[in-house]
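Participant: Feature annotation from Swiss-Prot assigns repeat 'TPR 1' to 52-89. Positions annotated as repeat 'TPR 2' by Swiss-Prot: 95-128. The repeat 'TPR 3' annotation in Swiss-Prot covers 129-162.
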Amino acid sequence: MILALPIFYLSILTIFLLILNWLIFQQLKTILLLESQFKYFVDKSQNRKLEPDESFAFAKVCVAKKYFSKAIIEGQLALKNYRDLNILDNNIVIANLYNMLGFIYFEAGQTSFAKNFYEQALQINPNYVVALNNLAKIYEEVKDLKKAESLYDKVLTLNLNNKTANRRKDFIAKTKNI
């Protein structure tokens with residue numbers, strides 16, 4: 001009976017430490033993968049010009065590492081290269097690139113540039129739900145709640161189950177009622 005309580009506490013501590021160890025290991029694995037991808041793209045870009053899809057992937061890695069200036073450069077390069085290819089399915093990729101560049105500028109705190117890129121993505125694909133959500137978020141940031149709400153309404157007409165649009169629209173409605 002006397003040994004049962006310490007054994008119980010040690011068991012709980014061991015389980016907690018095992019879970020913590022697993023979480024740290026997963027985080028380290030993610031960091032090492034990101035670093036190896038970044039090193040791969042840096043080495044490859046120094047030796048030769050990256051393909052458009054490689055520039056796009058490199059820009060995504062740079063965003064994950066919060067290297068926004070490098071991500072903007074690579075994103076612009078990928079955009080230029082995709083425009084030069086003249087492939088029919090390019091419009092979807094170009095809209096994705098515009099949206100990604102908008103996201104990068106938004107994360108860097110430059111909302112006016114971000115807004116322009118989101119609008120360009122929507123000119124190419126007016127039903128691009130992610131770009132609509134992102135543009136609505138910018139309108140929320142600048143306190144233009146009517147435009148934000150109308151964009152969220154458009155998102156919900158395209159995708160009724162969009163959690164982001166539902167949540168943000170409810171938030172705007174609560175904000176208006178205060």
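In case you wondered, yes, glycine gets a Cβ from its N, Cα and C as well.
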Participant: Give residue numbers and ranges for long-range contacts of the repeat 'TPR 2' (95-128): same chain, 6 or more residues beyond its ends, CB-CB under 8 A.
Facilitator: 56, 59-60, 63, 66, 68, 71-72, 75-76, 78-79, 82, 134-135, 137-138, 141-142, 158
Participant: State the non-local partners of the repeat 'TPR 3' (129-162) in its own chain: residues 6+ outside its ends, Cβ under 8 Å from one of its Cβ atoms.
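Facilitator: For the repeat 'TPR 3' (129-162), the far contacts come to 95, 98-99, 102-103, 106, 111, 114-115, 118-119, 121-122, 168-169, 172, 175-176.
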